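S.K.: Just passing along the structure, written as structure tokens.
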Amino acid sequence: MSKSKCSVGPMSSVVAPAKEPNAVGPREVELILVKEQNGVQLTNSTLINPPQTPVEVQERETWSKKIDFLLSVIGFAVDLANVWRFPYLCYKNGGGAFLVPYLLFMVIAGMPLFYMELALGQFNREGAAGVWKICPVLKGVGFTVILISFYVGFFYNVIIAWALHYFFSSFTMDLPWIHCNNTWNSPNCSDAHSSNSSDGLGLNDTFGTTPAAEYFERGVLHLHQSRGIDDLGPPRWQLTACLVLVIVLLYFSLWKGVKTSGKVVWITATMPYVVLTALLLRGVTLPGAMDGIRAYLSVDFYRLCEASVWIDAATQVCFSLGVGFGVLIAFSSYNKFTNNCYRDAIITTSINSLTSFSSGFVVFSFLGYMAQKHNVPIRDVATDGPGLIFIIYPEAIATLPLSSAWAAVFFLMLLTLGIDSAMGGMESVITGLVDEFQLLHRHRELFTLGIVLATFLLSLFCVTNGGIYVFTLLDHFAAGTSILFGVLIEAIGVAWFYGVQQFSDDIKQMTGQRPNLYWRLCWKLVSPCFLLYVVVVSIVTFRPPHYGAYIFPDWANALGWIIATSSMAMVPIYATYKFCSLPGSFREKLAYAITPEKDRQLVDRGEVRQFTLRHWLLV
């Protein structure tokens, strides 16, 4: 193809480097011509041995600015768990000593997997399902991560609705969680502001009857009106209204694709850092704050001898970066073809880790303050999960001057932390399916509306009187072992079936530089072994979910496992379908199933790279 034939108007053209020869078979050269006009890239690839059908030029929008992409990735990866989980894990597992396994696993597994997903999406320019043209038999992995992201939307949006409810409740002279004279309070409520003394109980016990705890469980959730998951009751209208607002925000952030979402993240991805800085400056001035920070940073290297510390570090790395949800693939698929995805991976993973670590100073300055206020040890107030941000933090903020303003700012931060992460999850579903089915592509806005409405309807179960039980069940099963399984198969598919050498050649075409031996070894050996370890540990250490003293019935646990296995089942189901639908003998079916679609002509000639030992040994 000559360059002059492809020139249309005042477009800019970039010709990527030609591919290196394949390990087996004749030399194959691919010319990738990238053009850009009005923010839309046109890509066209041809082979020296052209396919039988004419080459089509595919049009795909790109991010308006590079910073839109970076903020979207950072906004997705930095979510509520950075605030409520990492600081607690660090404190629980030896303080500063926990950083040793955390940073080790981040460097040898987290960053390589993050880099892999960015490169995979950017080169193939499709969503989580479409990228598996590199190994058609494993396309089910794409549907696995899409389904998981869909499941997560059922309960994650509810957390944002809680934050929105608290945000609106903050616009009062007296915050509703500081007194026991409200209609939802029980006789056991103990107004902390009516007494300067402490009963000496730990806050894990005391919080069961504090105004903040009762406001969350009785005033917001109305949990006292439910006996369990089999007694949900109707949706609460206040939470339903907040959920509607969340869904509306999500729809209008996503309906035009990255052109709209790329602008929204300028607010949602940056505001949390402004608020965290303000909270840190306020927190360190509180009495007891230094005690909390010392507890957070105290180093106990003997804890590194405990397997649980390494397990916590491994799982935190897996979940904190957001690999395996298809979001990174979807976001990077809208990048320019020549974008430096290696640099993006280093920048965003570093920011994610630094945010997790620095948020610990904010959290523990307030926990130290609460411990001194109640005259109890730090360990009695240190916790993770929703209890930290919806019970402990609100009570701490309520004791400050201008408490209503601080509360509004804090819950606005939670709202923005949640919104851009929820946007990422929905974008994974939308992009993954729109790229796969042309009918949906032609009606993207209508399909986006359908996805957010489906998410809303199923989220209604989580805003009933017993909705916290549904929330806990989904949180436990929807994206636990299943997401780890999906990432494991993804890593094996890219590094082993497609091949590290071929994948590295793809990256060289985009960035002009081939990944060095370190990254190739991580993709080929370290990351798959790490993921296998985490999957096995997650199965061996599995414990049924519970909420406080409530134990879920057997049928609920069975339902949870159905949810978990339904997403994982996409891998064998699609593999079986693909294998059976291919023509030829068993060997020919297998060859077509594991060979990239662009190399089908090699299979026709009997030259299957994956059938050679060299392919599996190359690094």
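One is the number of the first residue shown, and numbering goes on along the chain from there.
Note that Cβ sites are derived from N, Cα and C of the backbone, with glycine treated the same way.
Checked Swiss-Prot, it gives:
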- 1-56: topological domain 'Cytoplasmic' (TOPO_DOM)
- GLY75, VAL78, ASP79, LEU417, ASP420, SER421: Na(+) 1 binding site (BINDING)
- ALA77, ASP79, ASN82, SER320, ASN352: Na(+) 2 binding site (BINDING)
- ASP79, SER149, GLY153, PHE319, SER421, ALA422: dopamine binding site (BINDING)
- PHE105: site 'Contributes to high-affinity binding to cocaine' (SITE)
- 172-235: topological domain 'Extracellular' (TOPO_DOM)
- ASN181: N-linked glycosylation site (CARBOHYD)
- ASN188: N-linked glycosylation site (CARBOHYD)
- ASN196: N-linked glycosylation site (CARBOHYD)
- ASN204: N-linked glycosylation site (CARBOHYD)
- 287-305: topological domain 'Extracellular' (TOPO_DOM)
- GLN316, SER320, SER356: chloride binding site (BINDING)
- 376-399: topological domain 'Extracellular' (TOPO_DOM)
- 499-515: topological domain 'Cytoplasmic' (TOPO_DOM)
- 542-552: topological domain 'Extracellular' (TOPO_DOM)
- 560-589: region 'Interaction with TGFB1I1' (REGION)
- 583-619: topological domain 'Cytoplasmic' (TOPO_DOM)
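Tell me what's around each of these sites.
M.R.: In the three-state DSSP scheme, ASP79 (Na(+) 1 binding site) falls into the coil class. Its own atom aside, the Cβ of ASP79 (Na(+) 1 binding site) has 27 Cβ atoms within 10 angstroms in the protein chains shown.
Residues near ASN82 (Na(+) 2 binding site) in space but far in sequence (CB under 8 A, at least 6 apart, same chain), listed by position: SER320, ASN352, THR355, SER356, SER359, LEU417.
The Cβ of SER149 (dopamine binding site) lies under 8 Å from the Cβ of PHE325, GLY326, VAL327, GLY425, MET426, SER428, VAL429, each of these being in the same chain and 6 or more residues away along the sequence.
Within 10 Å of the C-beta of PHE105 (site 'Contributes to high-affinity binding to cocaine') there are 22 other C-beta atoms, taking all protein chains into account.
DSSP classifies ASN181 (N-linked glycosylation site) as coil under the three-state reduction.
In this structure, ASN188 (N-linked glycosylation site) belongs to neither helix nor strand by DSSP; it is coil. The 10 Å shell around the Cβ of ASN188 (N-linked glycosylation site) contains 9 further Cβ atoms across the protein chains shown.
According to DSSP, the topological domain 'Extracellular' (287-305) comprises 14 helix, 1 strand, 4 coil.
Sequence-distant contacts of GLN316 (chloride binding site), defined as residues of its own chain at least six apart whose C-beta falls under 8 angstroms from its C-beta, comprise ARG85, PHE86, LEU89, TYR102.
When DSSP labels each residue, the topological domain 'Extracellular' (376-399) comes out as 16 helix, 0 strand, 8 coil, counted as helix, strand and coil in that order.
Sequence-distant contacts of the topological domain 'Extracellular' (542-552), counting only residues of its own chain at least 6 positions beyond either end whose CB sits under 8 Å from a CB of the stretch, comprise 228-229, 468-469, 472-473, 475-477, 481, 560.
Across the region 'Interaction with TGFB1I1' (560-589), the model assigns an average pLDDT of 95.
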S.K.: Could you break down the residues of the topological domain 'Cytoplasmic' (499-515) into DSSP helix, strand and coil, giving a count for each?
M.R.: 13 helix, 0 strand, 4 coil
S.K.: By CA distance, which of the recorded positions (GLY75, ASP79, ASN181, SER421) lies nearest to ASN188 (N-linked glycosylation site)?
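M.R.: Given the candidates GLY75, ASP79, ASN181, SER421, the nearest one is ASN181.
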S.K.: Given a Cβ distance threshold of under 8 angstroms, which distant residues of the chain, six or more beyond its ends, lie next to the topological domain 'Extracellular' (287-305)?
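M.R.: Same-chain contacts beyond the ends: 87, 90-91, 93-98, 100-101, 360-361, 363-373, 378, 382.
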S.K.: For GLY75 (Na(+) 1 binding site), which of the recorded positions PHE105, GLY153, ASN181, PHE319, ALA422 has the nearest Cα in space?
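M.R.: Nearest by Cα distance to GLY75 (Na(+) 1 binding site): ALA422.
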S.K.: If one measures from the C-alpha of ASP79 (Na(+) 1 binding site) to the C-alpha of PHE105 (site 'Contributes to high-affinity binding to cocaine'), what distance in angstrom results, rounded to a whole number?
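M.R.: So the alpha carbons of ASP79 (Na(+) 1 binding site) and PHE105 (site 'Contributes to high-affinity binding to cocaine') sit roughly 20 Å from each other.
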S.K.: Around the Na(+) 2 site formed by ALA77, ASP79, ASN82, SER320, ASN352, which additional residues qualify by having Cβ within 8 Å of the site's Cβ center?
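M.R.: So the extra residues in range turn out to be VAL78, ALA81, LEU321, GLY322, THR355, SER356.
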S.K.: Can you tell me how many other Cβ atoms are located within 10 Å of the Cβ belonging to PHE319 (dopamine binding site)?
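M.R.: PHE319 (dopamine binding site) is surrounded by 19 other Cβ atoms within 10 Å.
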S.K.: Report, in whole Å, the straight Cα-to-Cα distance of PHE105 (site 'Contributes to high-affinity binding to cocaine') from PHE319 (dopamine binding site).
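M.R.: Here the two Cα atoms lie 12 Å apart.
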S.K.: Can you tell which of the recorded positions ALA77, VAL78, ASN181, SER421 lies nearest to GLY153 (dopamine binding site) in space, using Cα positions?
M.R.: SER421
